[in-house]
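Engineer: After the structure tokens below, expect a handful of questions from me.
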């Protein structure tokens with residue numbers, strides 16, 4: 001099902017459909033430059049270990065795993081196929097851990113662990129999570145190829161990437177978030193640079209999943225005059241505006257993210273410490289029914305309002321204070337970004353709606369009652385953004401990740417990009 005808001009001109013929409021039947025087969029000069037902002041785990045992440053690093057086992061010794069490193073001792077932390085092997089899963093989890101420092105009121109890496117995001121400004125780290133396993137770890141490859149082939153975009157010229165350390169999240173006003181705030185500064189500079197290198201054209205920001213939350217808050221933290229000059233449109237794919245119920249399973253029992261052979265309990269520890277994972281927990285703004293539990297156990301049930309008790313009962317009481325002070329205020333209001341927005345998401349896919357735990361407790365995987373959504377994010381969350389100049393497109397049967405490669409989904413995304421670029425193509429045609 002497709003829904004388009006009345007804020008868009010009917011005349012323009014009809015003209016676009018009639019005159020652009022071949023989608024957006026434009027030349028590069030007829031497109032607004034586009035920056036991709038990935039979702040959680042949607043780009044490569046590199047690490048190096050210094051003398052302060054204390055391995056949890058001999059398998060995790062820096063001289064043993066990994067053997068091959070880049071110049072300066074850097075190596076890929078995400079994604080690395082060695083995580084599939086049990087002895088190295090723990091090493092991976094140790095190195096992905098974040099620690100909350102109450103004195104700094106901020107998160108930081110484990111001692112001795114330095115991380116960096118490679119290829120900022122390029123799509124290189126978004127195409128594949130592991131270049132050696134391109135088919136198995138393809139992420140935005142199909143989307144980028146479609147933009148090049150169908151819309152005339154040129155990779156790393158009119159289409160760029162804004163990867164980030166997806167473990168970190170933003171914090172509420174008055175609380176520091178050094179890493180994520182630096183990403184917003186880098187993104188702002190990239191937008192300005194991209195516009196300058198493309199004849200001063202404003203930029204389209206195209207996000208997937210968690211990237212949509214970052215873009216929304218990024219736009220909220222800029223001035224109206226800056227947005228008018230530099231931002232043409234915000235296109236959000238599968239954005240979890242109000243979080244997702246499946247994230248409670250991540251905290252309670254661990255989530256392998258579809259990676260085979262991995263024990264979810266081995267990765268649960270670092271997943272709980274991820275600041276961005278807390279950001280993706282179900283919000284009371286969307287999951288506001290106090291009579292409808294999201295997690296059911298023999299002893300107690302939990303709604304979105306009992307997150308502090310949920311944290312304590314799963315054995316993560318240290319997460320209560322930073323969640324309530326830093327993260328929760330971010331989720332309580334979805335502010336208008338001040339630019340035209342197009343939300344594209346799937347529906348009609350079984351999506352966790354209630355997690356039911358038995359006598360085995362949270363170390364066992366739950367039985368799941370399903371509802372509507374994209375398989376990961378619940379429909380209520382996908383549709384939660386209610387702002388001016390909003391265009392909403394729903395695609396039946398498309399999942400949270402397949403929206404980046406499904407043929408029908410890509411066709412719809414290209415169509416929406418063509419609508420945005422249509423005005424520019426007309427102006428250029430008149431001037432020729």
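Heads up, the Cβ atoms here are built off N, Cα and C, so glycines get one too.
Reproduced below are the annotations present in Swiss-Prot:
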type	residues	note
ACT_SITE	209	active site, acyl-ester intermediate
ACT_SITE	374	active site, charge relay system
ACT_SITE	400	active site, charge relay system
TRANSMEM	7-29	transmembrane segment
Engineer: CB neighbours of residue 400 (active site, charge relay system) within 10 A?
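Structural biologist: The answer is 24 other Cβ atoms.
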Engineer: My understanding is the cutoff is Cβ-Cβ under 8 Å with a sequence separation of 6 or more in the same chain; which residues meet that for the residue listed as 'active site, acyl-ester intermediate'?
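Structural biologist: Listed in sequence order, they are 38, 39, 40, 42, 237, 238, 239, 240, 376, 377, 400.
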Engineer: Neighbour count, 10 Å Cβ-Cβ cut-off, for residue 374 (active site, charge relay system): what number do you get?
Structural biologist: 30
